[in-house]
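What follows is a set of notes on a single structure, which appears directly below.
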Amino acid sequence: MTDLSDIRREYTKGGLRRADLPQNPMQLFELWMTQARDAELSDPTAMCVATVDEHGQPYQRIVLLKRFDDSGFVFFTNLGSRKAQQIAANNKVSLHFPWHPIERQVSILGEAQPLSTAEVLKYFMTRPKDSQIAAWVSQQSSKLSARQVLEGKFFEMKAKFAKGDVPLPSFWGGYLVKPSSIEFWQGGEHRLHDRFLYTRQADEWVIDRLAP
């Protein structure tokens with residue numbers, strides 16, 4: 001077994017105090033996202049999306065956040081993917097933003113709701129053309145005999161859609177994750193980290209400090 005117990009560091013970038021918290025967690029998330037971008041973090045919009053299959057087995061993968069507002073968090077994916085199939089059976093999901101360089105994490109629990117075709121199309125048309133074509137190529141989570149199969153199909157579809165717009169695939173969509181709770185974690189000295197949990201109750205958010 002490889003021993004990693006000596007890998008550690010102190011957290012020194014500041015604390016989080018209840019007096020500084022807005023009543024709406026989305027305001028704090030927007031501030032932290034802005035600060036993550038200003039700090040030039042690599043992929044600040046990258047989040048871990050966790051789902052569960054019919055046997056209770058959890059799965060995780062990194063997906064890019066594409067939009068957020070008071071209603072929730074939006075991401076897009078292939079509707080034939082493992083994550084989409086699991087969401088169809090159980091739409092309770094967890095999102096996690098690991099902003100290690102600025103000693104912060106955000107963890108979100110909620111339910112994923114499918115976006116309308118109009119909402120999906122609006123985003124799809126903003127993607128680079130090669131990314132639009134790639135959406136047609138990949139049968140996400142299916143087995144491939146070789147990478148050449150994927151590349152061959154990409155160039156085939158690229159020739160097919162050489163002229164004009166790339167249409168939206170019927171098997172490509174998106175989700176709005178409506179949060180039921182949002183936890184903000186700020187690293188603290190001596191491992192005395194600051195954790196605040198916002199829990200949705202009716203039309204209000206209840207705030208609790210959690211032990212580190």
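A Cβ is built for glycine as well, from the same backbone N, Cα and C atoms used for every other residue.
Database features (Swiss-Prot):
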BINDING   R8, R9, E10, Y11, K66, Y123, R127, S131, R191, L192, H193  substrate binding site
BINDING   61-66, 76-77, 82-83, Q105, 140-141, W185, R195  FMN binding site
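Annotated features, which come from Swiss-Prot, shown on the structure.
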residue: R8; record: substrate binding site; Cβ contacts under 8 Å, 6 or more apart: none
residue: E10; record: substrate binding site; Cβ contacts under 8 Å, 6 or more apart: E189, H190
residue: V63; record: FMN binding site; Cβ contacts under 8 Å, 6 or more apart: A46, M47, C48, V49, F75, T77, K83
residue: L65; record: FMN binding site; Cβ contacts under 8 Å, 6 or more apart: T45, A46, M47, F73, V74, F75, L95, F97
residue: K66; record: substrate binding site; Cβ contacts under 8 Å, 6 or more apart: T45, V74, F75, F76, Y123, G174
residue: R191; record: substrate binding site; Cβ contacts under 8 Å, 6 or more apart: Y11, P212
residue: H193; record: substrate binding site; Cβ contacts under 8 Å, 6 or more apart: Y11, W185, Q186, G187, P212
residue: R195; record: FMN binding site; Cβ contacts under 8 Å, 6 or more apart: E183, F184, W185, Q186, R209, L210, A211, P212
R127 (substrate binding site) and R82 (FMN binding site), Cα-Cα, nearest whole angstrom: 23
Residue pair R127 (substrate binding site), Q105 (FMN binding site) - Cα distance, angstrom, rounded: 28
Secondary structure of H193 (substrate binding site) (DSSP, helix/strand/coil): coil
DSSP-derived structure type at R82 (FMN binding site), helix or strand or else coil: helix
Long-range Cβ environment of R61 (FMN binding site), under 8 Å and at least 6 residues apart: C48, V49, K83
C-beta crowding around R82 (FMN binding site), within 10 angstroms: 16
For Q105 (FMN binding site): intrachain residues, at least 6 apart, with Cβ closer than 8 Å: H96, F97, P98, W99, E183, F184, W185
Site extent for substrate (largest Cα pair distance over R8, R9, E10, Y11, K66, Y123, R127, S131, R191, L192, H193, Å): 44
Binding-site residues listed as F76, R127, least Cβ neighbours within 10 Å: R127
Conformational class of K66 (substrate binding site) under the three-state DSSP mapping: coil
